[in-house]
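TrEMBL has this to say about the protein:
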{"type": "DOMAIN", "residues": "109-269", "note": "domain 'E3 Ubiquitin ligase MUL1-like'"}
{"type": "REGION", "residues": "94-116", "note": "region 'Disordered'"}
{"type": "SIGNAL", "residues": "1-18", "note": "signal peptide"}
Amino acid sequence: MTGSLVFFLLGGASYLAGRSYDRQADKLASVPRIREFKDLEPLLKSQNRLMVALRGNVGSETPMNCEFSELQGVVVEKTVLKYFLERIKNEDKDKKEDEKKNKDKDEKEDKKKNKDKVDEWRKDYEVLHSTSKQVPWYLDDGTFRVNVVGARSAKGFYCTHRYAVFEPSKSWHGVETLDDLENLPYITKGKEDRQVLGVKRIERVLPIGTSLSVIGEAVKDGNGTIRIQRPDGGGPFYVSPRTIDQLTEVQRGDARFFYGGSVVLTLLGVADIGLHFL
(Lines of atoms letter the chains of each structure in order from A; the text may use other names.)
(Lines give C-alpha, C1' and ligand atoms only; values in the text may rest on other atoms or scores of the structure.)
Protein backbone atom coordinates (compact mmCIF):
# COMPACT_ATOMS: atom_id res chain seq x y z
CA MET A 1 0.00 0.00 0.00
CA THR A 2 2.96 2.31 0.56
CA GLY A 3 3.81 2.16 -3.12
CA SER A 4 0.31 3.25 -4.16
CA LEU A 5 0.48 6.19 -1.74
CA VAL A 6 3.74 7.30 -3.33
CA PHE A 7 2.19 7.08 -6.80
CA PHE A 8 -0.81 9.17 -5.68
CA LEU A 9 1.45 11.81 -4.09
CA LEU A 10 3.61 12.03 -7.20
CA GLY A 11 0.49 12.20 -9.37
CA GLY A 12 -0.84 15.08 -7.29
CA ALA A 13 2.47 16.92 -7.50
CA SER A 14 2.54 16.43 -11.27
CA TYR A 15 -1.00 17.80 -11.57
CA LEU A 16 -0.09 20.88 -9.53
CA ALA A 17 2.95 21.46 -11.75
CA GLY A 18 0.68 21.28 -14.80
CA ARG A 19 -1.66 23.83 -13.25
CA SER A 20 1.30 26.12 -12.58
CA TYR A 21 2.40 26.00 -16.23
CA ASP A 22 -1.20 26.57 -17.34
CA ARG A 23 -1.48 29.68 -15.17
CA GLN A 24 1.83 30.96 -16.54
CA ALA A 25 0.53 30.47 -20.10
CA ASP A 26 -2.66 32.35 -19.18
CA LYS A 27 -0.57 35.24 -17.85
CA LEU A 28 1.47 35.42 -21.05
CA ALA A 29 -1.65 35.31 -23.21
CA SER A 30 -3.28 38.09 -21.17
CA VAL A 31 -0.39 40.58 -21.54
CA PRO A 32 -1.35 43.36 -23.99
CA ARG A 33 0.57 43.10 -27.26
CA ILE A 34 2.04 46.27 -28.70
CA ARG A 35 1.93 46.09 -32.50
CA GLU A 36 3.84 49.37 -33.03
CA PHE A 37 6.24 50.74 -30.42
CA LYS A 38 5.07 54.29 -31.01
CA ASP A 39 1.77 53.35 -29.34
CA LEU A 40 3.58 52.89 -26.02
CA GLU A 41 4.10 56.60 -25.38
CA PRO A 42 0.39 57.60 -25.28
CA LEU A 43 -0.41 54.49 -23.22
CA LEU A 44 2.15 55.46 -20.56
CA LYS A 45 0.69 58.95 -20.22
CA SER A 46 -2.29 57.54 -18.36
CA GLN A 47 -0.26 55.11 -16.21
CA ASN A 48 3.37 55.04 -15.15
CA ARG A 49 3.86 51.31 -15.49
CA LEU A 50 2.32 48.86 -17.93
CA MET A 51 2.82 45.15 -18.65
CA VAL A 52 3.41 44.74 -22.39
CA ALA A 53 4.47 42.17 -24.97
CA LEU A 54 6.34 43.33 -28.05
CA ARG A 55 8.77 42.17 -30.73
CA GLY A 56 11.51 44.11 -32.49
CA ASN A 57 15.12 44.09 -33.67
CA VAL A 58 18.18 44.52 -31.45
CA GLY A 59 20.06 47.79 -31.80
CA SER A 60 22.70 49.80 -29.91
CA GLU A 61 24.57 53.08 -30.15
CA THR A 62 27.77 51.43 -28.88
CA PRO A 63 27.91 47.82 -30.19
CA MET A 64 30.94 45.60 -29.61
CA ASN A 65 33.05 44.14 -32.41
CA CYS A 66 33.31 40.36 -32.07
CA GLU A 67 36.68 38.60 -32.10
CA PHE A 68 35.83 35.44 -34.06
CA SER A 69 33.30 36.84 -36.53
CA GLU A 70 32.51 40.04 -38.38
CA LEU A 71 29.40 40.59 -36.27
CA GLN A 72 28.64 43.45 -33.93
CA GLY A 73 26.97 42.42 -30.70
CA VAL A 74 25.33 43.85 -27.61
CA VAL A 75 26.09 40.82 -25.41
CA VAL A 76 29.34 38.87 -25.84
CA GLU A 77 30.23 35.88 -23.66
CA LYS A 78 33.67 34.26 -23.93
CA THR A 79 34.81 30.95 -22.47
CA VAL A 80 38.26 29.35 -22.67
CA LEU A 81 38.46 25.56 -22.21
CA LYS A 82 41.59 23.45 -21.95
CA TYR A 83 41.09 19.97 -23.41
CA PHE A 84 43.22 17.04 -22.34
CA LEU A 85 43.43 13.26 -22.24
CA GLU A 86 43.53 11.76 -18.75
CA ARG A 87 44.36 8.14 -17.97
CA ILE A 88 41.47 6.16 -16.52
CA LYS A 89 42.66 4.61 -13.28
CA ASN A 90 40.72 1.37 -12.88
CA GLU A 91 42.23 0.36 -9.56
CA ASP A 92 39.48 -2.13 -8.64
CA LYS A 93 39.92 -3.97 -11.92
CA ASP A 94 43.68 -4.12 -11.49
CA LYS A 95 43.29 -5.39 -7.95
CA LYS A 96 41.08 -8.28 -9.03
CA GLU A 97 43.49 -9.17 -11.79
CA ASP A 98 46.39 -9.12 -9.35
CA GLU A 99 44.57 -11.50 -7.00
CA LYS A 100 44.20 -14.01 -9.81
CA LYS A 101 47.88 -13.91 -10.64
CA ASN A 102 50.17 -16.54 -9.30
CA LYS A 103 51.89 -15.17 -6.20
CA ASP A 104 54.98 -17.13 -7.08
CA LYS A 105 55.26 -15.37 -10.46
CA ASP A 106 58.52 -13.66 -11.15
CA GLU A 107 58.30 -9.95 -10.12
CA LYS A 108 60.40 -8.85 -13.07
CA GLU A 109 57.88 -10.26 -15.56
CA ASP A 110 55.06 -8.33 -13.85
CA LYS A 111 57.00 -5.07 -14.11
CA LYS A 112 57.66 -5.67 -17.79
CA LYS A 113 53.96 -6.26 -18.49
CA ASN A 114 52.94 -3.10 -16.63
CA LYS A 115 55.47 -1.12 -18.59
CA ASP A 116 54.09 -2.33 -21.92
CA LYS A 117 50.45 -1.99 -20.83
CA VAL A 118 48.38 0.52 -22.85
CA ASP A 119 45.79 2.19 -20.62
CA GLU A 120 42.54 3.89 -21.62
CA TRP A 121 42.39 7.67 -21.74
CA ARG A 122 39.32 9.82 -21.24
CA LYS A 123 38.86 13.07 -23.16
CA ASP A 124 38.00 15.84 -20.70
CA TYR A 125 38.29 19.60 -20.26
CA GLU A 126 38.52 22.31 -17.64
CA VAL A 127 37.39 25.95 -17.76
CA LEU A 128 40.35 28.32 -17.69
CA HIS A 129 38.28 31.48 -17.53
CA SER A 130 34.99 32.98 -18.65
CA THR A 131 33.95 36.58 -19.31
CA SER A 132 30.76 38.37 -20.23
CA LYS A 133 30.29 41.89 -21.57
CA GLN A 134 27.16 43.87 -22.36
CA VAL A 135 26.45 47.35 -23.71
CA PRO A 136 23.19 49.33 -23.45
CA TRP A 137 20.79 48.16 -26.14
CA TYR A 138 17.25 48.58 -27.36
CA LEU A 139 14.57 47.06 -29.56
CA ASP A 140 13.43 48.92 -32.65
CA ASP A 141 10.43 48.13 -34.88
CA GLY A 142 10.92 51.05 -37.23
CA THR A 143 8.43 53.30 -35.41
CA PHE A 144 10.13 53.76 -32.02
CA ARG A 145 12.95 52.53 -29.78
CA VAL A 146 12.49 50.82 -26.42
CA ASN A 147 15.44 50.16 -24.10
CA VAL A 148 15.73 46.68 -22.57
CA VAL A 149 17.11 46.39 -19.03
CA GLY A 150 18.16 43.22 -17.19
CA ALA A 151 17.60 40.94 -20.19
CA ARG A 152 20.23 38.37 -19.17
CA SER A 153 18.21 37.42 -16.09
CA ALA A 154 14.98 37.03 -18.07
CA LYS A 155 13.47 33.67 -18.95
CA GLY A 156 14.24 32.43 -22.44
CA PHE A 157 17.30 34.64 -22.93
CA TYR A 158 20.40 33.28 -24.65
CA CYS A 159 23.03 34.48 -27.09
CA THR A 160 21.78 33.36 -30.49
CA HIS A 161 25.15 32.98 -32.26
CA ARG A 162 28.06 30.75 -31.22
CA TYR A 163 31.57 30.58 -32.63
CA ALA A 164 34.56 28.46 -31.58
CA VAL A 165 38.24 28.17 -32.49
CA PHE A 166 40.80 25.59 -31.41
CA GLU A 167 44.48 26.19 -30.64
CA PRO A 168 46.27 22.81 -30.66
CA SER A 169 49.03 21.95 -28.23
CA LYS A 170 52.54 21.87 -29.72
CA SER A 171 53.32 18.73 -27.74
CA TRP A 172 50.43 16.71 -29.21
CA HIS A 173 50.07 15.66 -32.83
CA GLY A 174 46.91 14.42 -34.53
CA VAL A 175 44.47 16.98 -33.09
CA GLU A 176 45.10 20.13 -35.09
CA THR A 177 41.62 21.57 -35.74
CA LEU A 178 38.26 21.94 -34.00
CA ASP A 179 36.87 19.07 -36.13
CA ASP A 180 39.73 16.83 -35.01
CA LEU A 181 38.89 17.62 -31.39
CA GLU A 182 35.16 16.97 -31.84
CA ASN A 183 35.78 13.70 -33.72
CA LEU A 184 38.30 12.36 -31.21
CA PRO A 185 36.64 9.43 -29.37
CA TYR A 186 35.69 10.02 -25.76
CA ILE A 187 37.70 6.94 -24.80
CA THR A 188 41.03 6.41 -26.53
CA LYS A 189 44.42 4.81 -25.82
CA GLY A 190 47.65 6.09 -24.39
CA LYS A 191 50.58 5.45 -22.06
CA GLU A 192 50.76 8.58 -19.90
CA ASP A 193 48.61 9.97 -17.11
CA ARG A 194 47.68 13.26 -18.77
CA GLN A 195 48.23 14.87 -22.16
CA VAL A 196 47.08 18.38 -23.13
CA LEU A 197 45.33 18.53 -26.51
CA GLY A 198 44.95 22.29 -26.77
CA VAL A 199 42.71 25.24 -25.95
CA LYS A 200 39.19 25.82 -27.26
CA ARG A 201 37.90 29.41 -27.29
CA ILE A 202 34.13 29.89 -27.48
CA GLU A 203 32.35 33.15 -28.23
CA ARG A 204 28.58 33.55 -27.83
CA VAL A 205 26.99 36.68 -29.25
CA LEU A 206 23.66 38.47 -29.32
CA PRO A 207 24.21 40.42 -32.56
CA ILE A 208 22.75 43.64 -33.85
CA GLY A 209 19.58 43.03 -35.88
CA THR A 210 18.43 39.92 -33.98
CA SER A 211 14.64 39.69 -33.75
CA LEU A 212 13.52 39.27 -30.13
CA SER A 213 10.26 39.08 -28.19
CA VAL A 214 10.07 40.85 -24.83
CA ILE A 215 7.37 40.49 -22.19
CA GLY A 216 7.82 42.76 -19.19
CA GLU A 217 7.01 46.06 -17.56
CA ALA A 218 7.20 49.25 -19.62
CA VAL A 219 8.33 52.32 -17.68
CA LYS A 220 8.84 55.92 -18.83
CA ASP A 221 11.50 57.98 -17.04
CA GLY A 222 11.74 61.75 -16.62
CA ASN A 223 13.64 62.14 -19.89
CA GLY A 224 10.84 60.49 -21.85
CA THR A 225 12.87 57.31 -22.44
CA ILE A 226 10.83 54.11 -22.35
CA ARG A 227 12.40 50.92 -21.05
CA ILE A 228 11.23 47.35 -20.58
CA GLN A 229 12.31 45.69 -17.33
CA ARG A 230 11.47 42.98 -14.81
CA PRO A 231 8.12 43.87 -13.16
CA ASP A 232 8.66 45.33 -9.68
CA GLY A 233 5.53 43.71 -8.30
CA GLY A 234 6.25 40.31 -9.81
CA GLY A 235 5.03 38.98 -13.12
CA PRO A 236 6.38 37.37 -16.29
CA PHE A 237 9.66 38.64 -17.70
CA TYR A 238 10.77 37.04 -20.97
CA VAL A 239 13.40 37.95 -23.53
CA SER A 240 13.56 35.35 -26.29
CA PRO A 241 14.09 34.82 -30.03
CA ARG A 242 10.80 32.91 -30.01
CA THR A 243 7.57 34.64 -30.90
CA ILE A 244 5.08 35.44 -28.15
CA ASP A 245 2.72 32.73 -29.43
CA GLN A 246 5.57 30.20 -29.29
CA LEU A 247 6.42 31.20 -25.72
CA THR A 248 2.80 30.66 -24.70
CA GLU A 249 2.62 27.31 -26.48
CA VAL A 250 5.76 26.08 -24.69
CA GLN A 251 4.01 26.66 -21.35
CA ARG A 252 0.89 24.86 -22.62
CA GLY A 253 3.01 21.95 -23.81
CA ASP A 254 4.72 21.63 -20.41
CA ALA A 255 1.29 21.71 -18.75
CA ARG A 256 0.04 18.88 -20.98
CA PHE A 257 3.15 16.84 -20.17
CA PHE A 258 2.60 17.08 -16.41
CA TYR A 259 -1.14 16.45 -16.73
CA GLY A 260 -0.35 13.28 -18.63
CA GLY A 261 2.20 12.27 -16.00
CA SER A 262 -0.42 12.83 -13.31
CA VAL A 263 -2.86 10.46 -15.04
CA VAL A 264 -0.20 7.77 -15.52
CA LEU A 265 0.98 7.95 -11.90
CA THR A 266 -2.60 7.83 -10.58
CA LEU A 267 -3.34 4.76 -12.69
CA LEU A 268 -0.19 3.10 -11.38
CA GLY A 269 -1.37 3.80 -7.86
CA VAL A 270 -4.77 2.22 -8.59
CA ALA A 271 -3.06 -0.78 -10.19
CA ASP A 272 -0.82 -1.19 -7.14
CA ILE A 273 -3.88 -1.30 -4.85
CA GLY A 274 -5.53 -3.85 -7.15
CA LEU A 275 -2.45 -6.08 -7.10
CA HIS A 276 -2.32 -5.82 -3.31
CA PHE A 277 -5.89 -7.12 -2.93
CA LEU A 278 -5.34 -9.83 -5.53
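These residue numbers are counts, starting from 1, taken along the chain as shown.
Just so it is clear, glycine is given a Cβ too, placed from its N, Cα and C backbone atoms.
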Same-chain residues near the signal peptide (1-18), Cβ under 8 Å, at least 6 residues beyond its ends:
254-259, 261-266, 268-270, 272-273, 276
So what's the mean pLDDT when you look at the domain 'E3 Ubiquitin ligase MUL1-like' (109-269)?
85
